[in-house]
Structure formats: C-alpha cells, structure tokens
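Quick look at what TrEMBL lists:
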type	residues	note
REPEAT	73-114	repeat 'WD'
REPEAT	115-157	repeat 'WD'
REPEAT	158-199	repeat 'WD'
REPEAT	200-241	repeat 'WD'
REPEAT	242-283	repeat 'WD'
REPEAT	284-325	repeat 'WD'
REPEAT	326-367	repeat 'WD'
REPEAT	368-400	repeat 'WD'
Amino acid sequence: MLEYENSGELKTKSIDLLDLDPSTDVNALVEEIQKAEPLITASRSDQVKLLIQRLQNKLKQHSNHKFYLFKVLRAHILPLTNVALNKSGSCFITGSYDRTCKLWDTASGEELHTLEGHRNVVYAIAFNNPYGDKIATGSFDKTCKLWSVETGKCYHTFKGHTAEIVCLSFNPQSTLVATGSMDTTAKLWDIQNGEELFTLTGHSAEIISLSFNTSGNRIITGSFDHTVIVWEADSGRKVCTLIGHCAEISSALFNWDCSLILTGSMDKTCMLWDATNGRCVATLTGHDDEILDSCFDYTGKLIATASADGTARVFSVATRKCITKLEGHEGEISKISFNPQGSRLLTGSSDKTARIWDAQTGQCLQVLEGHTDEIFSCAFNYKGDIIITGSKDNTCRIWR
C-alpha cells in the first residue's frame, strides 16, 4: 500500500503482488514496478525491495506446523453463535445467545470485556480488521452496536432494521458498517456519527451474507431469494443482480483484485461471476449436497468449497476445474478457509473435528479433535500460526 498526499488529502494506492512467489527475482520486480509507478522514486526503491523480500520470506514459511491445543475456553453459559479473531490473533470475540459479546486475550485466555446492552441473541460479530480497535455486533433485537476494543464502551447503537440482523461487515477503510437483515434489506452506517447512510432495497427474502470488495467501493448481498446483488458503497445504488442459482445463497464474496465474485448455494453449485458486468463465467459442480461455505485464497488463484455432503473441493480459477477433493470428515462441512500463504485449508464439521489439509494434494495433514459437539466456526489468524474453533459444545479452542 502506498500513502501519499494530494492537495492536502491523504490518499492510498495498492500495488498488486499476487504473482509473487519464493523464486521471484525481487530486483527485476522492483524495476518493473518503478517503471509503472511514479510514486516510487529511486530513493524509495531499497525500502520497496525490503518489503517485498519480507513478503517473500512469509510465503516461504510453508507451515509444516503441527497445531497443539493451547486453551479451552468455556466462553458463555448459553450457546455460542460466532467467533472472530483480530488480525494478529492477539485477541478474539465470541457472540452468544446470552445477549452478550465477550472479548478475550488469546495468550492468557483472560476475558477482557463483556459487551452488554443487546436485548436478544448476539449473532453477527466482527473486528474492523486490519485496525482492530472497534467491534461491531448484530443482534436478533434488530440493532447493531459499535464498541471500543480498548474500553469495551458502546460508541453507537444503529437502529432501523425491522427484523433480526444476521450478517455484518466493516468496509476495508473502517469508515462504514454494513448490516444484513431478515427484513430483506441491508443498511450502511457511518462509524463516526452513527447515522444511517443508505438502505439497500431490492431483495425479496432474507439477506444472509454480505461483503465488501477490497477497495471498498462495492458491496454484495446474498439472499434466500436465490440472487446476489452488487451495490455501490458510496451511493447505495444497485449495480447489477446476479441471477442463476436455483436455491438459497449461502456465501458471496469478491476475489482480492475485485474482478470476480464467487457465490455458493443450496443448489449444490458455486458460480463465478465477472464483477464488472455481472455475467456468470463458470458454474462449479461436483458436490452431492448443499454448498455451505466457499472462499478464494488470498491471491484469487484457487477456490475452495465446503458441502453438506461431507467433502470439500479445490478449484483452479484459471481453468475452472476441480484440482483436488478433501475427503475424511464424517459429517457436513460448514466452514472452510485458506491460510494466508494459500498452502493449507482449514475445515470445520458437524463430526466435531476441524481438519487441516494440503491445498494442492488434498491430503489431510491434521485432525483437531476434542470438541464434543459440532464445530460451526474456525479461522486462522493473519500469520497462519493460530487457529480458533467454536463449537456447539459451548467452548472455544485455541490451537497454536
């Protein structure tokens, strides 16, 4: 990311290093970048080289890392709804049917704050990563609250939805929160003043997933009406509707460079769409039951899908073909994610285990056992050296 001033205003620009790999010639790459990017002057080139070498070293850290159970936390008396890590993994949050969200220190397992004030289930929770100084909570009480990580105090309560809030997201710049509701609408809220900016109206059934693209100028909403809508974040205008699935949408997200949208559905397929014109460019088939989760790796070269059929699959974005199948779980897989290096996949299942897989070969490298009920949430931190799992057994487990 480059930061620069333009007539007194701070602007940012990003350089795409998605093709960087451990064998890239860094000197040649920096020369290439300098030709294309006037902001990187000769005096800055050593600094850029250093940054790229550091990135390259991170890519080389191919985790033959074995994860061990570090802590078991009985987080709430009533069932958990969701868990989320901040970027570094130094702390995490849990939402619960007990109407609270709790903030935890990962290293010690100590509870840092209990965020109290909702009048019903706290269902959707998020940090404003990468900053990690704010938390948003969405509740069945139809409101969303914004909290300080440092003090645990509530900054704003966003009111306006007429039914449960089931999904939410910060924009990458951390200036907006988007909320999706069973009332068929999504709303965009201003973090600074707590005001509602726009209501996104257009779906005919519940909105169950929403996400921003990496530049923050577009937002997508996935609905039980079988469609996904792309919206302009700064105006609330509908850009296009992605029509093609023949059952409820389970996930919808952009790839890193914002060129493609991936949608997963209860119709057993994932679809890949051109983000600029909303055309379907591929349908990914092969699963025998509903797709419950899907994701891109960080570079956008691979897609992973998780299904109620108990398997996961990895597809190449370039060829749209299935590269490998992850077999071994004995129940449906509700969550799947890549580690940041893109070399490993993490899955969480109703068989009470989470598993770590080699993303290229599909080999199961490790089974994380110990939960006594289904796992509904699992995630890596940004470095890929901490995993958190959340289960219906009412515990969170930290693995490292």
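A Cβ is built for glycine as well, from the same backbone N, Cα and C atoms used for every other residue.
Owing to the predicted nature of the structure, the values given are computational and were not obtained by experimental measurement.
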Could you give me the DSSP helix, strand and coil counts for the repeat 'WD' (284-325)?
0 helix, 22 strand, 20 coil
What are the helix, strand and coil residue counts for the repeat 'WD' (73-114) according to DSSP?
0 helix, 23 strand, 19 coil
With helix taken as DSSP H, G or I, strand as E or B and everything else coil, how many residues of the repeat 'WD' (242-283) land in each class?
0 helix, 22 strand, 20 coil
Looking only at the repeat 'WD' (115-157), what is the model's average confidence as pLDDT?
98
